Amino acid sequence: TGQDRILPARPASFARIPSWVSLNRTSSAKPPPTAQQGHVENLHLVSLSRQGKFEQVHEFIKSMDEAGVAVSPSTYKSLFEACGEMGLLSDGRSIRDRLKNPPGFLEDCALQMYCDCGSLSEARRLFDKMPERSSFAWGTMISAYAQSGVLDKAFQLFSLLIDSGVGPKISVYTSLLRSLMDSSRLEIGRQMHSHLIRTGSGSNASVGTAICNMYVKCGWLEGARIVFDQMAEKKVVAWTALMVGYTEANKQNDVLPLFMKMVEEGVELDEFAFSIVLKACAWLEDLRVGRQIHGYIVKLGLESEVSVGTPLVDLYVKCTCFESALLSFQKIDNPNDVSWSTLISGYSQSGRVEECLKTYKSLRVRDGSLNPFIYTSIFQACSMLADINSGAQAHADAIKRGLISPLYGESALITMYSKCGNMDYASRVFKSISEPDTIAWTAIIAGYAYHGIASEALRYFRKMQDSGARPNGVTLVAVLTACSHSSLITEAKGYLKSMNSEYGVAPTVDHFNCMIDVYSRAGLLQEAVELINSMNFEPDAMSWKCLLAGCWNHRNLELGRIASENLLRLNPDDTAGYILLFNLCGSHEKWEEAARIRKKMMEKKLRKEVSCSWITVKGKWNRFIVGDRHHPQTEEIYAKLKEIDFLDSNSGDRSQLTEEDASCILPERRQQLLEHSERLAIAFGLLSSPRNSPVLIFKNLRACRDCHDFAKHVSTVTEREIVIRDSSRFHHFKL
């Protein structure tokens, strides 16, 4: 009945709400007012608001009005808070409209609600109508402007607050300081700092931390350090703010001493501090200090935290300690997508590309944490493996999930398809990019350059210039490489000469090496020597190797000796320096000199890398080495080779071999040419792939001239397109 007493100590039972407040009440009689009347009703109202059921809130308020039960001020406060938290501006506005001459604290609550809902215009109208503004109202309005980036109005109000004689709360200062986030705001920040010193508020720990952080964000690290050093009480956030500043300014060398000082002063270290210092160690590749910090992390029991474990993995990956990286990863309790991305990137960078793909596939099967960076790493791994099947599958999966990183991921796709021999797909990916950046332009130019299609590479370079994108050093290397593979001597000289003036790129030794290669391939060996001697840089091993290769191709023993001597002076263990000179001596019948070279190699226990070729058929890799007889179809492969044998009297000069053919100059060894790895792979490709598809072969070393001629001959007699990608470039053979 309406006279039932409601005990506040008992749990609210909405079934016991009096009949006179029921939506279907049968009696209009109202009880006399008591101190407890409306308590349960207000509780119910607050409960509905916290559940976001504001349609029921409005209906219940209406029922309370009809029953003569007032909504309490504390309930109004809760309703405003709920509207603000949920961004329910319309509901908050309706509740505010109910209030006539509300107390000041409720006006403050309504003001906060408008700010939380992002309606600064309504908040300002309410603020301007307030007869008396509390310090809370001033702080709320100023902070809302500051957090929304409306700094002119924030500082205008701040000036009015100062003029009114009301002392700002510390939170107002910190809010304004946090809003100053770039170098253009530095002067305002300095003025704020000066004001705080004058008012004596600068010594407050929170204010000092905010000033330090402000200077960091505005790029004035010297000022940040001065403030930091003067702080009597340094919170951990002040330490980490300065460390972040040093990291973002690429001053990682300053991060480590700061961290050591934290340890010495007994500052309580958190995960964020360890994360920053580990990133600094990774950038510096400082494994020694990194291991010491790792030991401290283990001591504190933080190794399993993802925010600490992930930078640890990255540190070991950057320092090429992959086993340690893997162990650190396994310690993480709940690896996130960044953790997995770091591990997969580590697999890729350490050359463990098969494990990289295996890890990705296991993540994909269990629908694990995938992100655009993981897919970019997968595209790069497929590039290294020249695995177009896995690459295309990953590409399709990334499209399905919407996880292709704009530009970076797309550029990696261009490189992947071009390195897998499919420039058509590479071109399609490039054309799908609405506004290619320098990396994307460089990827497509390099793709055509390494396929020996100089005309397309240079056409894209001209289009790049027309688009307004600026070429970088890597772009110019690709352009010069295109010129080198197509003997475009005049064009290469022009690009090298105009690099600085026209493109704003200072030539490096890499660009000059490209030009040396252009001259050497064209047989202009004297020009190559003159360029080496006139460079502003000391020639590196690649400079002399390019010249040596040219000397071998054009049979210049005199310059070849000079090139070999200088190459081995810079890199004594480079087998090319021995093998190419050995070949040169053999071609000039300098057998004693050749024997001395071979003896020196044996004394140094140097062996040339084993030649390996592979071909993918029906998604399966098939690898071959010289004289390989382990393949299940060995008999058919060798029968096919004999069928298309090119070793006849019209096949040309058999002495024209490259570094893998040092032993094949002697007549009794020439039969081994038939068993070269790329020939075995070609024969298998002819047997196993459809006649209308190209035979795509990959090789770890540079193809010898005989095998080059062999591929050309096979393409002619079988009317099949044959593509060989060796360590230098792609070679296309078709009618």
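Any Cβ shown, glycine's included, is placed from N, Cα and C.
A TrEMBL annotation is a machine prediction, not a hand-curated record.
Predicted, not measured: the structure shown is a model, and the values here were computed from it.
TrEMBL lists 668-734 with the feature domain 'DYW'. The feature repeat 'PPR' is assigned by TrEMBL to 134-168, 235-269, 336-370, 437-471.
Across the repeat 'PPR' (437-471), DSSP helix (H, G, I), strand (E, B) and coil residues number 27 helix, 0 strand, 8 coil.
Mean predicted confidence for the repeat 'PPR' (437-471): the pLDDT average there is 94. Within the same chain, residues 407-408, 410-412, 414-415, 417-419, 423, 426-427, 430, 478-479, 481-483, 485-486, 488, 491, 503-505, 729-732 sit at least 6 positions outside the repeat 'PPR' (437-471) and bring their C-beta atoms closer than 8 Å to a C-beta of that stretch.
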